[in-house]
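One structure is given here, and the rest of the page talks about it.
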Amino acid sequence: MGCTMSAEDRAAAERSRDIEKKLKEDGIQAAKDIKLLLLGAGESGKSTIVKQMKIIHEGGFTSEDNKQYKPVVYSNTIQSLVAIVRAMSTLNIPYGDNEREEIKSDAKIVLDVIARMEDTEPFSEELLAAMKRLWTDTGVQECFGRSNEYQLNDSAKYFLDDLDRLGSKDYMPTEQDILRTRVKTTGIVEVHFSFKNLNFKLFDVGGQRSERKKWIHCFEDVTAIIFCVAMSEYDQVLHEDETTNRMQESLKLFDNICNNKWFTDTSIILFLNKKDLFEEKIKKSSLTICFNEYTGNQTYEEAAAYIQAQFEAKNKSSSKEIYCHQTCATDTNNIQFVFDAVTDVIIANNLRGCGLY
């Protein structure tokens, strides 16, 4: 008689099965909702990754988007040239054509545009001619070659090498132009998209020190963190503190994130970004500027492996794996390939976390 189930027991068992089924369904749904946090110091390429998600997963930029980026391209280009011109006096670099008064007049034309706050306007013929003469001046080129000694946008050469196209009357930004633009992220940018039957919410938060206090409320229920590091910034200092090396700042920030109690069970993906710029820079600027104990060769492979090891060494948890990728955020194919691999890791880890893998 002890083997028979009462109606009440049967109902309880059925309720239990229903609850388990519902929990499993909820778990599967939870595993499909992916919350990604993009973290990293300022100018590490986070906002470019967000733009790539728009290109790869949301059909790219509309003609309206393109129009809105026009003034940003103009401003980035002029501001870059002005940064070089101003650095020439700081670094005591003379113009190559120093005897010619015209070159100093050209510099004044460009500086006056900034003073009048007209840097978002299309280039006048006079301004375009002045910018072209300045950019080809040997002194300006020498100063550009020392850009690690002052603050200059990574996109400076990209835009200044293409002044004729940017200065044409029918100019409209290309996808690559938009990827190269730089606008400081303030606050939090949120992007939603679907991929591999998953619903992604990607959060890009400002990387400058003043912006980091805004991160905290994004921390809850994060599936994974993508931490961006600009490999090419090993010989540069911060905008906000010119006594601090940018890569050392990134290492300190990564240490804080990687070992933070909020992220004990959070997947951490490390993007060693700007590999294209790093590959060029490492040929002429020593890694010992940042890591004075480095004794390896000045080759991309050895130097990149050393940088990766420095970041991985910050991980104090034997059970936490850091998933590392070397990236070029302005290369859509590279980011598409890397994000595909990242998504597979997220799927496996998320299902495991829900007890479904």
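Using N, Cα and C of the backbone, Cβ positions are placed for all residues, glycine too.
According to Swiss-Prot, the protein has these features:
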- Cys3: S-palmitoyl cysteine (LIPID)
- 35-48: region 'G1 motif' (REGION)
- 40-47, 179-185, 204-208, 273-276, Ala329: GTP binding site (BINDING)
- Ser47, Thr185: Mg(2+) binding site (BINDING)
- 177-185: region 'G2 motif' (REGION)
- 200-209: region 'G3 motif' (REGION)
- 269-276: region 'G4 motif' (REGION)
- 327-332: region 'G5 motif' (REGION)
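The structure, with features from Swiss-Prot marked on it.
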residue	record	Cβ contacts under 8 Å, 6 or more apart
Ser47	Mg(2+) binding site	Val183, Thr185, Val189, Asp204
Leu179	GTP binding site	Thr48, Lys51, Gln52, Ile55, Ala329, Thr330, Thr332
Asn273	GTP binding site	Ser44, Gly45, Cys228, Val229, Ala230, Met231, Thr327, Cys328, Ala329
Ask   = Taking Val183, Val205, Ala329 as the binding-site residues to compare, which has the smallest set of other Cβ atoms within 10 Å?
value = Val183
Note = CB neighbours within 10 A of Gly40 (GTP binding site), counting all protein chains shown, number 25
Message = Would you identify which of the binding-site residues Ser44, Thr185 has the most other C-beta atoms lying within 10 angstroms of its C-beta?
response = Ser44
Query = Helix, strand or coil at Ser47 (Mg(2+) binding site), per DSSP?
reply = helix
Key: Secondary structure of Val183 (GTP binding site) (DSSP, helix/strand/coil)   = coil
